[in-house]
């Protein structure tokens, strides 16, 4: 045991040393906590052991004996709590603590310890401690400050003491607790009595000891706090008073304990009645207090001594929180729980609001079911209403447990949660069909019907709603109102109106074209064929409704099923009738001998009535102006048709906009449709009419193959092959027209919004003088404008400008300071960019020096060279307005400085000189009065003076300054002035006497006034900085930010309200396990090229690296190793790197700028808390704003930041570095809060481990450790659905405010943008349409664009979408959704309607956009605003980008199946539906159609080539002379028209960068092969979108957000892109080869090239983009290593547990996982059949077969193929299997070789088989083999049962090997040439990094040589 103790002591010492190092590195001022950090959670949760041990560490150096007493007491407490040490880590903790106690005893050096005197010693120390720290005085000071109502008068002193005070209080609390425990054994007449009296006094009076350290989030509700001024705000006090219990409330039992130092309130009553958890109560109490207080502050701050909350504020909160409940009751036609709003008092309203928040706050996963929450609230509110009418509080019957207590969680939430768990288990981790289980939406939609009340209250456990599905097939509750079957038919069902419209228009245009454009009665009758088309297509849609509802019929509402049946019957009957009538009309038309038109008239009448009815319903339901009429009509007949026409859901009602908005997007789409149909008619349909007629009328056609289906059908397949590409383009080109028009409209709107007005630093310089006024107008609240910024009345414009500049300067300087802190600018640039305070007595505005530098010197040159009048000189100077400013400022500053320096005769001289100069200026004789050629001499003398004055005073400097003033006097008097004036001054008696007596300027007054000191420093820089500051700042990011901020000042935005009256908001960031902060080892870790992350960043950001070194006081030559030696510098280096990556540290820093901005704004507004401390004569300054308690409290009242670190608890337990880094962020940001899931495990008697889940919120305490604020127990594991939304959901209860900004953890923010948050939040109150906004869209800037060329492409693409794209979506189209971050949500609107995302497994994989869907369906309004920007990181490597694109495309594939898209597609009016489709799933549909068009076109071409029809048709065309046919055959439409998607990007460039920069940027992108990248992305999106709809498999793909400086191995690229790109590219290449080989053209091979150029580009892009954009992809050594790695991977057999990254076999099996269902196998089989076309076509083209077209030829080819397969099997037969008959196998292989060779020779000699035929056979058999492989994989169970699976696997390996060699060979050839690798580096990275990369490679080579 002694060895154990010794080892533990060493461990303790190591821990202490590590803690000391962490303290030094973190720089947090944190006290080492030693063993206190090791307290197990099981002990720390219920005791204060940790606090006691912390106190022991604090007083160890003061009194070790008392520290020992505290440690012993902590040990006793641990022993009593867990005597058997069963808890996790308890035994180790006890052992360690005992070791520490022994060490403390050992330090006594043998002195005897009298434990009987421990209590006396502790009491004496307690008294000394209180006296030494003046605790009594501290308490009295607190009381005085609270009574005065202000903190600001003493904020500086108090702030410095706040941390120390908290530590004192913490130590006192620990001492008191230990004394209380030991006092039981003390002398009751001695020290025991004193301790008892002290304890009684503390409990009755000293609120500080109980309140200061009580954990709280924002408002210390359970105790007063000296360090937090928020409780002093009148609105907060009023809100606390509003929830306080009154005599009208039911009485609480006497034994009910009220926690903390507060009065009982309504939350205590609700806790007692319903059994809510205590921390849920505490959390929602603060939430309600802040909500009510902020609602009151927006109406006005209470001024009474006892503030009261206005009735309007309570009503607003009540109606806002319960709005969804009121709508729900109205929809179900039930009464709300109150009679009327006027009938309930304010207390009842607050009770109901509090009850709702408590129900929601503890609902866990049930929060995703907003109408379920309404149901629970409805019944619990009724119970509460009954209880409130009684005098005593009773327990609620619905929440009573078997034990007699009450528990809301156990009785209400757990049953629902357990049912959801069982349903979630059925989804088989997302692999099961959506129809097999109920998701969150299904559970919620149960409450959309009055049938939900069958659930009863208390809830019936045997209700169908709570029925748990059985593991095997059995009785279960079906889906609710929608079933997400996996099929492409959802696209037709959801958007059938669009497809019907396109089909009808195509039909009309085709009919007109075939009638040669003639419009007559015959044509009209044919056009009327659209009637049957319309009816039949509607019938198809109704059939899909019936079929796709399977799985919900047992649970769907009867009315919904009735509607399906009625629609099915109606459309079926109407389609039959209309078709019959139209056939009769055709009979009439064909009967030329009859004039009968009876059926025609009937047909017209039927169509007219039907069209009128549909049109009327469409107008009434979809057109805004008519919608109110449909709502008012109660006619059952009308309501029936309305119900048939449009389903009535709880969501989706009232999806209409204002009439002017409606007209705008209708006009938008009319323009698109006109352009589209003109294009379709003249360029697509009309040119094909004559060729179609010719082909149809061709005489007998001789096919060059055995034709099976083209006999006697007018060459139908040939016509289809011509029309198919046209039809494909017709269906998708509407997106091209949308793209073009949206780019134009977006550009015009951006120009109108004044975007891009200031787009260069030169424009910033020119317009800087207008910035202060614009800033004050938009970003300064009226409260700030009322402050006395100028002692003079701002009557003239100059004084007003100075006032504006004085208001502007603190904010501008803080922005510049933040740029310096971020290392974007240097110290010199910061000095040049900073603007003076402009609060001094100088008459004119002082501008930043970067505008004025070198201006004085230039003006002086003008003056020296001046030979004209004064007016001419001033005109020349005035041409540069900043030169004029500089001259004026210099003139007045010199006067003020000289006036302050001298007195007596010297001051008289200064005044006389200036009087004379002023007079000469007025008279226009300055050039006569002064000898301007001497100005440089005067300036040099004055510069010498200021050069001394900028330093602190010393005797030598004082003497030198006096001499400098005298020399200045000499130069001015004798050189500068005219002779007459010089003579007057020389004969001035007063001056002459002083000069003769030596008193003149013998002593000067050194500047001590801050204003004068600032003037001196500024003037010195003005006179000495000679180089121009036109390029200040140099950093491009700093320029961009300043340009955007300056530009935004002139954009339209709401005026800013005072901080106290602004809307409160919260920032919310979900985090899982991404990088928090880069470690030192990660910075130094080198890749294969010897490139470290630090090296990479130093080369990418060289100026920022220099600025960083300057900031930490290091020279430019400082090495990385030197920085690592210093702990402080090492930490700063880690942050510097992390702030340039996509890390949580960067995000937290950016979001904390909100608090900093609010503190500055609040401080400048000078809000007083009861005592007006600011005299009206005081000059405002921002100095010390971060220490102001009022400013901090005001910021905390309006802003909170919650990071939901889901597994932070597990990371802490596992000692992960991420946990330590998150703790560091908490320490550095006092208002940061971290929420996480805590799991407590406990064993049971049967050996099973049970888990309890808690949602916790923590902050950093006074010791820098995590302090738990809230811990809310959950019903179970919260992750039932998608991870990210579940992570958001568990933590959203800790958010505050009326708005919440969702921020991803790869985002950034800027101080200057944070200053505009007040303006943005005011948009919630703006006029943006029929409804107030519920989501505010915000512009993003992608900051990763400078990392590489790929990152730049991605950045430009993303920027185009988040600016121009979303601008158009929001207005005029009104279909902007939520596309991720950083949108600002109306928090209360969304948390009462299901949250800010959806979480059902797989279907909601793109969880963010569903928030937009949900908001729109629930009558929200989503806007977009571009005067604010937030930083955003994007993926920077091709693999990362591909994974991201795959994730988004897969998510869109799931959206196609979702009920949200279906409802929006059905309930939007037609034009808004078009906007919605083409900007969500339609974009991916059109992308896929773009690729499919290539396939359709090429397969059509191959069909014509194989059949021989292309030659015959071309020859016929020549005979007929039909030029149109020739044009169609030889000049197909552009199939790869994805290039048009670059138009918005170019338009964005033009708008925001200017035309020249836009053109240059676009050309640069093309040279960097951006077209290759975008074409490659086209394939990525197509593959994942198509596969998801066919087979599912959409999942979250972790892309990684690091710096891509590593080379990606060939095998890794092959695994990722083989099936998505390579196979498809090789198929297209095969089609092209076959087309070129067997196609016919009269124009020679050149036409083939032109026709297929874009397709070849697609092939090359898909095959080689991963290697073109791969760092060091063409370096020879890397290529060799890649080949070895790839072959190893390909040949490795794999096995159980082997991942696909290590073995081809494992990867091959993983690639087949998506084929799971029978339906999927059928679809795969159908798609695979296309590969058999090649063999069928080629065998008839061989020289061997001649003109024989019999089917036997094709059969013989299969025999040859089987023979080849058998030979292959013989040669590849496993040696392991043939070990017993090796000789036979070898003999067989030899005979087969000779036989095969002989067969080939004989066939060539004796038949017409040629060498080209052999290559043709390869072309034929390769796709057939691939088809067989695909079929074998699809039906692998059958193949496996036949024993052929091993052969299939080997064939598949051979195919992959062949594909790999085909792709690898060009890469290897190019790697031979060194210049290719150099060119690639320049292509991928910027020039600085490329040079660094080359140097690094040289160094790496040298290093390698040294090592050898």
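Backbone N, Cα and C define each Cβ position, glycine as well.
Nobody curates TrEMBL annotations by hand; they come from automatic prediction.
Marked as domain '1,3-beta-glucan synthase component FKS1-like' by TrEMBL: 347-460.
Within its own chain, the transmembrane segment (495-514) is flanked in space by residues 523, 526-527, 529-530, 533-534, 537-538, 540-541, 677, 680-681, 685-686, 689, 727, 730-731, 734, 1465, 1470, 1473-1474, 1477, 1482, which lie at least six positions past its ends and keep a Cβ under 8 Å from the stretch. Residues or ranges marked as transmembrane segment by TrEMBL: 495-514 (among others).
Here TrEMBL flags 526-552 (among others) as transmembrane segment.
If you look up TrEMBL, you'll see 564-583 (among others) marked as transmembrane segment.
What TrEMBL lists as transmembrane segment is 598-621 (among others). Note on the transmembrane segment (598-621): residues 525, 528, 531, 574, 577-578, 581-582, 584-585, 587-588, 627, 629-630, 641-642, 645-646, 1469-1470 of its chain, located 6 or more positions outside it, place their CB under 8 angstroms from a CB of the stretch.
Summarising the annotation, TrEMBL assigns transmembrane segment to 662-683 (among others).
Same-chain residues lying 6+ beyond the ends of the transmembrane segment (722-749) with a Cβ under 8 Å from its Cβ atoms: 502, 506, 668, 671-672, 675-676, 679-680, 684-685, 688, 691-692, 695, 1363-1365, 1367-1368, 1371-1372, 1478, 1482-1483, 1485-1486, 1489-1490, 1492-1493, 1496-1497, 1500, 1528-1529, 1532-1533, 1535, 1537, 1540-1541, 1543-1544, 1546-1548, 1550-1551. Annotation comment: TrEMBL describes 722-749 (among others) as transmembrane segment.
Taken from TrEMBL, the feature transmembrane segment covers 1476-1498 (among others).
Per TrEMBL, transmembrane segment is recorded for 1622-1641 (among others).
If you look up TrEMBL, you'll see 1647-1669 (among others) marked as transmembrane segment.
The annotation transmembrane segment is assigned in TrEMBL to 1751-1771 (among others).
Look at TrEMBL and you will find 1783-1807 (among others) tagged as transmembrane segment.
The transmembrane segment annotation in TrEMBL covers 1813-1835 (among others).
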Surrounding residues of the transmembrane segment (1647-1669) on its own chain - C-beta under 8 Å, 6+ positions past either end: 1349-1350, 1437-1439, 1494, 1498, 1530-1532, 1534-1536, 1569, 1571-1573, 1575-1576, 1578-1579, 1608, 1610, 1613, 1616-1617, 1621-1622, 1624-1626, 1628-1629, 1632, 1635-1636, 1639, 1641, 1863, 1866-1867, 1880, 1883-1884
Range from 526-552, 662-683, 1622-1641, 1813-1835 with the greatest count of C-beta pairs under 8 A to the transmembrane segment (1476-1498): 1622-1641
Averaged pLDDT score, the domain '1,3-beta-glucan synthase component FKS1-like' (347-460): 91
Residue counts (helix, strand, coil, in that order) that DSSP gives for the domain '1,3-beta-glucan synthase component FKS1-like' (347-460): 78 helix, 3 strand, 33 coil
